[in-house]
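Swiss-Prot annotations:
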CARBOHYD  ASN45  N-linked glycosylation site
DISULFID  CYS161-CYS227  disulfide bond
CARBOHYD  ASN167  N-linked glycosylation site
DISULFID  CYS190-CYS262  disulfide bond
DISULFID  CYS194-CYS264  disulfide bond
Amino acid sequence: DAGEAEEGLFTYVFQPSQHTRSRQVTSAQLWFHTGLDRQETAAANSSEPLLGLLVLTSGGPMPVPMSLGQAPPRWAVLHLATSAFPLLTHPVLALLLRCPLCSCSARPEATPFLVAHTRAKPPSGGERARRSTPPLPWPWSPAALRLLQRPPEEPAAHADCHRAALNISFQELGWDRWIVHPPSFIFYYCHGGCGLPTLQDLPLPVPGVPPTPFQPLSLVPGAQACCAALPGTMRPLRVRTTSDGGYSFKYEMVPNLLTQHCACI
């Protein structure tokens, strides 16, 4: 928005973007269309400064430190001093530009504009400390996965080979600062002996097809069968993790962790 008062005082209202306000300003220029040619500009500067810049604050207009730089004909480029960069962090910026010899132009191509160069703000002390903290050991290492082993055997309703379940809490494991979802999961594992056949966890029979008598699977003749997951039936566990305290997240998949079917192998 722009307005013009007496004695060549122009008022402009700028609204810096959220992107600009959230970053560190490294340079800023105000481009203003004077309408004056080079001779008129030189003559005006010989007697007194051609342009003056003020900012409207709650305490009234305050001067903005700046310097004039190279500019195309009929334009002026005002380079804001470093001390003025914080002005671009305000959602609304009202600038008063004094140019006694300039005239207001309604042409779109003569509209003044601000140019700001920015970069990401350096992290604060707390953020630097968080980011410099050594990363946690990779939780899916063999040593950590041993935490998911089955508990000591307890008397069960039946001792035959079957699929058992255990609720795993990532908070109890101390992984809740790394794994943010799910907070827990049901860990299935195979448990029991292979002295008697079990049909509990085998695939359901197909209608019209006679059931196949149970036979323990054996990979080595004469070897003793043990209760284990059927090959090819393990499913992955999907989790959402963070390594920087919640600033970013990553979806990960742990393969072959959840048992679906058990058998004597």
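Cβ atoms are placed via backbone N, Cα and C, with glycine included.
Since the structure is predicted, the reported quantities are computational estimates derived from the model, not experimental observations.
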Checklist entry - Taking CYS194, CYS262, CYS264 as the disulfide-bonded residues to compare, which has the smallest set of other Cβ atoms within 10 Å? => result CYS194
Checklist entry - Here the disulfide-bonded residues are CYS161, CYS227; which one has the lowest number of other Cβ atoms no more than 10 Å from its Cβ? => result CYS227
